[in-house]
Amino acid sequence: MVFAPGEKPGNEPEEVKLLNASKQIVQNAILQAVRQVSQESRQRKERASDSRGTIQLGGGELTKRHEKK
């Protein structure tokens, strides 16, 4: 096998290293974006269910106060 100047057996050519590094950067960015969207979606759902629960609890408290009078 013939190696280019500066290359050693077992070492990847610089272009392959850069390509692999680029792929890794893109994969990490996509993974981070997916995690962020999932987290934001989960938080929105939690806020929506929390606000519905507060309204329901608030309504129940008003009813109980009214019944006591």
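Heads up, the Cβ atoms here are built off N, Cα and C, so glycines get one too.
Note: TrEMBL annotation is automatic and uncurated.
Annotation comment: TrEMBL describes 12-50 as domain 'A-kinase anchor protein 7 RI-RII subunit-binding'. The region 'Disordered' annotation in TrEMBL covers 37-69. What TrEMBL records for 41-50 is compositional bias 'Basic and acidic residues'.
When pLDDT values are averaged over the domain 'A-kinase anchor protein 7 RI-RII subunit-binding' (12-50), the model yields 94. The DSSP breakdown of the compositional bias 'Basic and acidic residues' (41-50) into helical (H, G, I), extended (E, B) and coil residues amounts to 10 helix, 0 strand, 0 coil.
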